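Trainee: One structure, as structure tokens, below. Some questions next.
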Amino acid sequence: MAVSLKRQNGLLTFIYWIWNELDRTIFTAIKFSFPSRFVSPFGFLGMLTFIMFITLGVTGALLMFYYEPIMTRSWDSVAFINNDVPFGFHIRNLHYHGSNAMVMLAILHMYYQYFSGRYKIRNEILWVTGVILGTVTILEAFTGYDIIFSERAELAISIAASLTNSIPVAGPMIRELAFGAGFHDFVLRFYAQHVFILPIVMLGLMAVHFPRFLVFDVPMVMAICGAMCLAGGVFPVDLGFKFEPTVPPGITVPEWYLTGLYAFLRTQYDKFLTGVLWPALFIGILLLTPFLDRYKKFSWKDR
């Protein structure tokens, strides 16, 4: 009995010591409280987007153990993860579905912020960084499914390189920097962008974008994580066909978040106009929205 009490006191002493030491860290500066009024579930969309970002970081780190950023091995290494690595298919499914969920949640978060007027009254910096974050999120997802180097990825790479090259003056230089001199160079560059450069940019933007008071709902986080685990086990992700330079590619479709851009390109107008200028104008209008709309009322019905 005395030994048990001694162990219990020792454990409590250790816990209190840790808590006292945390007093000098940023952890104790975070204050947790229950909201005094009802919070709309749509208010959790930004937080859920961040949870998906964390999920992608964890699953992506696990995939890095087996993925090979080499043109001749990239597709084969992903196939090896799917077929031979224990639970590899589930990790990849989680990563893919998490990527789509993050893009979807980011878009819904932007819609909610716009229609609720949250970009007004000294929230301009949150809106601007949010729009940039959304754009970088799509680029992050785009580079992710390209480094598999399937037939669909090759089509997306060719279109993206052509659009980049169509930019006046700086286009060829940007294309050389982002895509490299060939397919072998491209895989390594996109891999570096996907796992390091773009995540670092996103973390920097998040440091500015997070509001002073962040709504964190534990049941909502548990629900979205459970839904992602369920989707990863129930809905397998098709790897697609490996790209072979000597074999004509089959008919393929882009990811859902790029269908609008592909629809513009199918109009057969100038590719710089439809594939670069129009999307850039749309993003520019979104960035200027809080500075153009100076009306004080928040609801979209009153605007």
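Any Cβ shown, glycine's included, is placed from N, Cα and C.
Below are the features I grabbed from TrEMBL:
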type: DOMAIN; residues: 14-222; note: domain 'Cytochrome b/b6 N-terminal region profile'
type: DOMAIN; residues: 244-303; note: domain 'Cytochrome b/b6 C-terminal region profile'
type: TRANSMEM; residues: 42-67; note: transmembrane segment
type: TRANSMEM; residues: 94-113; note: transmembrane segment
type: TRANSMEM; residues: 125-143; note: transmembrane segment
type: TRANSMEM; residues: 186-206; note: transmembrane segment
type: TRANSMEM; residues: 213-235; note: transmembrane segment
type: TRANSMEM; residues: 272-292; note: transmembrane segment
Trainee: Taking contact to mean 3 or more CB pairs closer than 8 A (sequence separation of 6 or more), are the transmembrane segment (94-113) and the transmembrane segment (213-235) in contact?
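Mentor: These two segments touch.
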Trainee: What parts of the chain pack near the transmembrane segment (186-206), using Cβ distances under 8 Å and only residues at least 6 beyond its ends?
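Mentor: Sequence-distant neighbours of the transmembrane segment (186-206): 50, 53, 57, 60, 64, 69-71, 74, 129, 132-133, 136-137, 139-140, 143-144, 146-147, 149, 157, 178-180.
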Trainee: Are there residues at least six beyond either end of the transmembrane segment (213-235) with Cβ under 8 Å to its Cβ atoms? List them, or say none.
Mentor: 35, 39, 41, 43-44, 47-48, 51-52, 55, 90-91, 93-94, 97-98, 101
Trainee: Would you mind giving the whole-number mean pLDDT across the domain 'Cytochrome b/b6 N-terminal region profile' (14-222)?
Mentor: 86
Trainee: For the domain 'Cytochrome b/b6 C-terminal region profile' (244-303), DSSP counts of helix, strand and coil?
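Mentor: DSSP composition of the domain 'Cytochrome b/b6 C-terminal region profile' (244-303): 35 helix, 0 strand, 25 coil.
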